[in-house]
Amino acid sequence: MSTTENTTKAALPAMTHTVGMPRHQKIIFVVLLAVLIALPFMVYPVFAMKVLCFALFACAFNLLLGFGGLLSFGHAAYFGMASYVCAHAAKVWGLTPELAILTGTATAAVLGLVIGSLAIRRQGIYFAMVTLAFAQMVYFFALQAEFTGGEDGIQSVPRNDLFGLLPMKDDLTFYFFVLAITYGGILFIYRITHSPFGQVLKSIRENEPRAVSLGYHVNRYKLMVFVLSATFAGLAGATKSQVFHLASLTDVHWTMSGEVVLMTLLGGMGTVLGPIVGAAIVVTMQNYLAYLGAWVTVIQGCIFVIGVLLFREGIIGVLSRILKKPL
Amino acid sequence: MAIGMSAMLQASGLTKEFKGFVAVNNVDLTVERGTIHALIGPNGAGKTTCFNLLTKFLQPTRGTITYDGRDITSLSAADIARLGLVRSFQISAVFDDLTVLENVRIAMQRRRGDSYDFWRSEVLLAQYDDEARGYVESVGLGDFLNHRAAELSYGRKRALEIATTLALEPDMLLLDEPMAGMAQADVDRISALIKRISEGRTILMVEHNLSVVANLSDRITVLARGEVLAEGDYDTVSKSPEVIDAYIGAGHD
């Protein structure tokens, strides 16, 4: 039996990369799911949900930066706007959680389409600046508009019954709904990066003029990945507002755009697990060091500087290099 | 040269100005179907600018370009590639982080049109493997199928670039200094490869060095200071006093 297997392996040396998700990644995803199912029984469920939302947010950002090669400095716009619209939909229109989240996510997608179609005309630092400028405009809108509640935000957002049937008031119950959304979202992002579209995306990131010379209209691919990234960022933001019963200016502030960059780089840009690990670290730090007040930001800054200086590829990036396996 | 050939690529009055500086001035160029045409000239002669104009990586200030009887002056670079006019780059253009096989598949994906499918698995791309392997083997890279492109030597990257280009099944190739920065052994190998792929295709190549194109090209156009200095086969061009003066006199053999 083992001889046959060896012969096959020898005959097809490195064909493994074409047969879908590598085995070790399948194991990682299963282990991850098991850990996440157990998590709310070990820590406070709301904290666990916060980690999940930020993990999805960072994965969405990583889709754009790590695979599209585009550094957006305005991802808070999609995260925050989706959070506002979702909160409004649940509170004022009385929508059920799944519909409210969907409404918020759709808003982020449309916003991503508008901002993205203008931003992708520029490259590098100019692209980053355009995204930042638009995000600042969105922030200003959130500050001034009637429905966002200005400085107060939208408070005591109700969590209506899921599908109009299942009560979601209990945090532990709601956790599993959030887990389904975020885990599903992360898997979907994995699929995007490992799809025919994802291959083209990588080629554009590697060598844009060459992709053009092969006949690819590269801006269409960039716009598509931009919209996809904004959509998943929106999904994370919308879900977050249901978790905390709150949408506020924090979600749409430029520091939120910065935080997601930090999470992604700390964990490892362009890796599958990096953004999840990065998000978990940053959120945990903010949570458990909260008693230090403003010092959290200083500590966060120090960890980021140390992280970037010591391992530029991020925690998972370094692990991946040592283990010689894509993680 | 045979009588009754038709023009594959034609530029007339091609001009490019950069803020008052004229890089390419009123160039007329006709590449006949099925030939290997070389565009040569000393440094700063406007070869690369001319090349970028023809492939629409630059927009000409004046002049028209027709390809296969069709005016392509206002088309985008990607659209021109879709018409079957594919360029290469001076510095070998491969996708470093992808394997050799994946590099070639990128070209095939564009032809088949599943490149926007973000919801499907890349397992689907295995359907291209057999054909892609054929292109890879045709340039002698069969043993490197699953190596990352970044790991290849310079000459092999060049070969991979050609395999990727061939996978588009182009009618015409524009090669930008295909021998630049290559060892002599590689130069001979790539020369033979270019000769072979010219079968049934039209090729326009930019070269720095006259001797490289001597036995490869049917026709040579010499550019100097943005203008056409001479045109003809190697013997005509190499004996032209203007060319000797401007080009060979400038320190090249």
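Keep in mind that glycine also has a Cβ here, set from the backbone N, Cα and C atoms.
Any TrEMBL annotation is an automated prediction that lacks curation.
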A:214-236, A:260-282 - the one TrEMBL records as transmembrane segment: A:260-282
Which of A:27-47, A:54-79, A:125-142, A:260-282, A:288-311 contacts the transmembrane segment (A:172-192) most, counting Cβ pairs under 8 Å: A:54-79
Distant-in-sequence neighbours of the transmembrane segment (A:54-79), which means Cβ under 8 A and at least six residues beyond its ends: 108, 111-112, 115, 119-120, 124, 127-129, 131-136, 138-139, 181-182, 185-186, 189, 192-193, 198, 201-202, 204-205, 221-222, 225-226, 228-237, 239-240, 251-258, 260-261, 263-264, 267, 269-271, 274-276, 278-280, 282-283
